[in-house]
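Scroll down for the structure; my scribbles are underneath it.
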Amino acid sequence: MITVTSVLPRPVAATEPIARPRHYVMCRPEHFEVRYAINPWMRPGEPVDRERALAQWDALRRTYLDLGHRVDLIDPVPGLPDMVYAANGATVVGGMVLGARFRHAERAAEAAAHRAWFTAAGFPVVEPEFVNEGEGDLLAVGDVVLAGHGFRTDPLAHAEAAAVLGREVVPLTLVDPRFYHLDTAVAVLDDSTIAWLPAAFAPESQDVLRARFPDAVVADPADAAVLGLNAVSDGRHVVLPAQAVGLAAALAERGYTPVPVDLSELLKGGGGPKCCTLEVRS
Ligand code: ARG
């Protein structure tokens, strides 16, 4: 038998991506189910295997721990099946916590649970006036916060986020209901690089992203369609849905290390790795 080892050197990026240890908050999918539909991925009639969801989620948590990151847990609340998507619970930048306010009544009670968690952990917490779905729509990249609207977050929340978080906020209009949260259409790879799906944005928002991120990785629609952009990067390792093979290859070509995870059960709720992962930025 012949073992083929590649003799081609891996293309080296201009600067090797550097990992930074991260601090995440996650919520076990103990009460996960799909019993209402608030995005096009959710089909309440179709079965969900909660044991499998738990195992997939455990593997995601283990992946972060193995990469050397810190993972804190927020207690799941009975009756809040979407609470596993912890990224929506708050936005934390510079140690400041902007709480969430959900668009749909089904998720409204998650916001208070997150605020209570961060208050107990000693963080300053602001309860917002306008609808914002946390890191679903507010993504910190370097010194700025990219802010989606169009489906969930109220555009008026953008100025509120800028004031609370003390960062420039860049408003972006989402136009495709499959990519209803910004974190389904943009993956933050490091402090100055994103991967994204142009077609998920209004033309003027595409122009804004092209101007700000000329070196961005442009995702194939096929990878975005399995929520491949719902990825979590520590600057080097990019944890992404295993089904997004094209995106994984594109990231590897740029010097990143793709770390595929299978979250197929949680995809039934319309979420992937990033949705399950709230980053605490001190
Ligand atoms: N079922 C949830 C919802 O529609 C999924 C949230 C996914 N979270 C995310 N950060 N994109 O609200």
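Numbering starts at 1 and runs along the chain as displayed.
Glycine is no exception: its Cβ is also placed from the backbone N, Cα and C atoms.
If you check TrEMBL, you get these features:
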ACT_SITE  His181  active site, proton donor
ACT_SITE  Cys275  active site, nucleophile
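Counting every protein chain shown, 27 other Cβ atoms lie within 10 Å of the Cβ of Cys275 (active site, nucleophile). For the recorded site, the residue listed as 'active site, proton donor', the DSSP three-state label reads coil.
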